[in-house]
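Report on the following structure.
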Amino acid sequence: MTNLRLFFQILQISNKKILNSFHSSRMISSPEICQCPLVDEGASIVNSPVCNGIILFMMLIESYMKGRCDIASPCNRIVSEKNPEPEYDFIVVGSGASGAVVASRLSEVDNFKVLLIEAGGPEPIGSRIPSFYRTFWFNELVDWRYRTVPSNYCLDQEGQGCMYPRGKVLGGSTLLNGMMYHRGHKADYEDWEKAGAQGWSWDENLPYFDMTEGNKQIGSLVSYKYHSASGPMPVQMFNYQPRAVDELVNAIYESGLPIITDMNDPSTPDGFSIAQTFNENGQRITTSRAFLRAKWERPNLSVLLHSHVSKVILDGKRAVGVEYIDTKGNKKTVRASKEVILSAGALNTPQILLLSGVGPRETLRKFNIPVVEDLPVGKNFRNHYGATLYFMLTKLNNTQALDWNVFSEYILRRTGPMSSTALTQVTGILYSSLADKKRRQPDIQIFFNGFYAECSKTGRIGEPSGPCPTNGVNVSANAAALLPRSVGYITLNSTDPLDPPLFYPEYFSHPHDMIMIKDAIKYLKMIFDTDILQNKYGIKLDPEYTKQCANTGQEWSDKWMECMARVHTDAQNHQIGTAAIGHVVDPDLMVYNIKGLRVIDASVMPTQTSGNPQGTIMMVAERGAAKIKEKWMEKNARISNLGQSKAMYQKLRVGPYGPYDTEVTITSDTNVKKSVHKLEILSKMTKMRSRS
């Protein structure tokens, strides 16, 4: 902000035309006057591996964003506790998809003192721009930068293993993901119960899904039968769909594949749609923005940032606190009078448990860790995964999707390409040849990537794209298995808590996974063989990314598809199961035989859901928090039934920009109305086609 004059001078030298355009629309200005002081904090987009070396224009964008009250939200800023108290009632470890929800719900009770501990720092301002959703991947300031142990997959990573971008930041991985909202299907939770999660059926989970979801398109796109408008997490389509999305949906319909309006409607479990996502006012909404409140508003909630929890402190078989490492490398402790809740995620929670003496006896003895409880921690490691194919659009110039006009549209109206994830908002959930359609449980998913407004050196219209394969208008697509049979494990690399654990996902260890992924690739071929993509865009496989499989056989053959799956393995960031219900924790999420210790995150999910998991993880958090309240609230204040619980949550519920209206907000954006109308028409035509 103080550097705007410097940017102004540099721009004047480098590009007078851009300067005049910017000047004439009065877009460079002093920071807005907000109710609270603006603070420059968090990682910068100029350090992004995705936009490496692209500085000037991106710095200008970031500087402007930091001066906008609605984006920076300075009054809702979460400040790290400088002098934490020696003891709290509850300690929550991790502030991601589950931890932020748990800490918020517990701190709704005035006499609960809650400490939320996060290993990373504050949420970067740049992460709030939807089109920048990959910008912070593998940035060491916000990402754990995990990789799997190298094996016969992710071979394009040259022996480094598969990438796992995982959030080390306030909001966790809800800051890094594609923001899609999906609840899974009824059969997913039947599988949970079979795996030992008694009481976690679809019907029993539904009220807790409703507590979180604040759907803005009930009545205009989706039905109240399958959605809730009362939760703090805004759910709706992005307010912008580029023409490429429209053309892609046309191609999908041309291919004969189904189009649906709502991925969460159980009557249409399979098909392609423009997904509803966690966004509001053209911005990403993380769990930290939706749920956490500043100290002045929630004085009984303390947050400790840049603090790496190394282990749970156990007194015999009772959790009494945690040990953590601060920014100077000092080990410190803080006690919990009631419970310690691990919400560090499916990759970090098992490491903390193992270092605390809770885990497989043979693993603990190997590292000379005293065995407190012999449990299969780290086992049952599951993830969605598949293959990535890269394509070239030979009839289009490959230019950056981000330019001065795009930036202008966003800063003036919070819409345009920067307000969405471009092609990534289109997804399809389908059946493989192995699926049991009677259960209405699709087992493969298709994702698309490209046309991202995420990088530009100058902001000039028509600027050539960089070397990244999905910069500019080139595209890629992911063909993923949602219910893979392969199961891996996580274990320690050493007893140093700062040493990342070892991840063995065991991809392709079960032959059915390759069948599902090949079936998904065949669906991609159907789409990319359509007239609209072939004749209008000249789409073809990018030879740079097929050369390693050139000698395996003809393109699209079985051997070629298997090679592509092993070389360009798509390891999704949907890891679950490493402290599963029925194995490590009981149905109330208490660690077996350890008092005062719960796990509330994706670790407890015993099997995968057939869709994007954030919605399910938040549901788990709601149920876990409700269980804690039921146990610890005084009898005269105890919530006697779920209806009263929901009423209390509604009364206290506040969104990132103030209280949400209880009435459903139907967007008036013309672009969105067109997309909704198109989905409705194609969905009806799909149903007519299936009946004929």
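Every residue gets a Cβ built from N, Cα and C, even glycine.
Residues of the same chain lying 6 or more positions beyond the ends of the domain 'Glucose-methanol-choline oxidoreductase N-terminal' (167-190) and with a Cβ under 8 Å from any Cβ of it are 42-43, 78, 94-97, 99-100, 118-124, 127, 130, 133, 136-137, 141-144, 197, 200-202, 205, 209, 213, 235, 263-264, 266, 269, 275-279, 284, 286-289, 292, 303, 305, 345, 421, 424-425, 427, 439-442, 447, 573, 607-616, 619. Summarising the annotation, TrEMBL assigns domain 'Glucose-methanol-choline oxidoreductase N-terminal' to 167-190 (among others).
Annotated FAD binding site per TrEMBL: Val169, Val309, Pro613, Gln614, in sequence order. Long-range Cβ proximity for Val169 (FAD binding site), meaning a same-chain Cβ under 8 A and a gap of 6 or more residues, is found for Gly42, Ala43, Glu118, Gly120, Gly121, Pro122, Glu123, Pro124, Ser127, Phe136, Leu141, Val142, Asp143, Leu175.
According to TrEMBL, the feature domain 'Glucose-methanol-choline oxidoreductase N-terminal' maps to 345-359 (among others). Taking Cβ pairs closer than 8 Å, the domain 'Glucose-methanol-choline oxidoreductase N-terminal' (345-359) reaches residues 93-94, 96-98, 119, 144, 146, 164, 166, 172-173, 309-314, 369-378, 381, 490-492, 495, 497, 501, 503, 575-579, 584, 591, 594, 599, 601-603, 605 in its own chain, all 6 or more past its ends.
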Residues near Gln614 (FAD binding site) in space but at least six apart in sequence (CB under 8 A): Ala97, Thr174, Asn177, Met179, Met180, Tyr181, Phe278
Count of other CB atoms lying within 10 Å of the CB belonging to Val309 (FAD binding site): 27
For the domain 'Glucose-methanol-choline oxidoreductase N-terminal' (167-190), mean pLDDT (0 to 100): 98
Nonlocal residues around Pro613 (FAD binding site), in sequence order (Cβ under 8 Å, 6 or more apart): His182, Gly184, His574, Ile576, Ala602, Met605
